[in-house]
């Protein structure tokens, strides 16, 4: 794992990182979901890392009996995290406690690949996406899912809440579609045939409630305006293998970052004629996880 702008490296021997998420509360604190043997077999670890003057230190780690593929911080408790696992379960952890998890939700019938905590005020909702082709809605205070969303015809790789619209989330799938859902309405709100390849990641723009980005196995990033989905509003080319994760900047409306199986992290400004700003090549393996700090403008 590394950072742009004041870097650091921490090695977790025998583990492959799948997701990295900055704490919304603590500057320099990052949660990393990891798995042994590329997630095919073995166990998983949630590593909570802290960056200080000396570099990156391991603050806390928790083990699970299957690979961990995604992690999200609570939006109402600075110590609480949720991970998603290869056994189809979600785990709630408390970094203030040495043991865990606090709770386990096991309803997905295949790998739970994605989990996200809603960022809009007034609701504490979690969405998960699974290889069983469903997304599920959770209230962490309730012991079972509130709702199951069906419609995708392939693995769901990514489920992301809108930062603007309460109860609205997007999902990206191996069925080559990006879908938008409303938790208050049954069925899908919008289906976008976004790529002619599996879509591994999606994200909402922090400054435009109608703009999403998708990253796919076809090595392209595409921007989508929900008011007119016939054509992408931008296409970004440069990666040479599948794009594993894409995130919009919390500070700039037209800036985003992506990481790929080509071992690189790339920074883009889709408003520019030459949108590729920077390519970072410090990884020697598949780059799966990526996040941009809410606290430190240049930290990735």
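Using N, Cα and C of the backbone, Cβ positions are placed for all residues, glycine too.
Automated prediction, rather than curation, is the source of TrEMBL annotations.
Positions annotated as repeat 'WD' by TrEMBL: 71-94 (among others). Distant neighbours of the repeat 'WD' (71-94): 19-21, 23-26, 31-33, 35, 39, 44, 46, 48, 62, 64-65, 100-119, 124, 126, 128, 130, 132, 138, 140; these residues of the same chain sit at least 6 beyond its ends, with a Cβ under 8 Å from one of its Cβ atoms.
Sequence-distant contacts of the repeat 'WD' (105-139) (same chain, at least 6 residues past either end, Cβ-Cβ under 8 Å): 69-76, 82-92, 145-150, 152-167, 169, 171, 173, 181, 183. According to TrEMBL, the feature repeat 'WD' maps to 105-139 (among others).
The list of residues near the repeat 'WD' (149-184) in space but at least 6 beyond its ends in sequence, with Cβ under 8 angstroms from a Cβ of it, reads 113-120, 122-123, 125, 127-131, 133-137, 190-204, 206, 209, 212, 214, 216, 224, 226. If you look up TrEMBL, you'll see 149-184 (among others) marked as repeat 'WD'.
Residues annotated as repeat 'WD' in TrEMBL: 192-228 (among others). Non-local neighbours of the repeat 'WD' (192-228) in the same chain are 154-155, 157-158, 160-165, 170-174, 176-180, 234-250, 253, 256, 258, 260, 262, 268, 270; each lies 6+ residues outside the stretch with a CB under 8 Å from one of its CB atoms.
On the 0 to 100 pLDDT scale, the repeat 'WD' (236-278) averages 93 in this prediction. The annotation repeat 'WD' is assigned in TrEMBL to 236-278 (among others).
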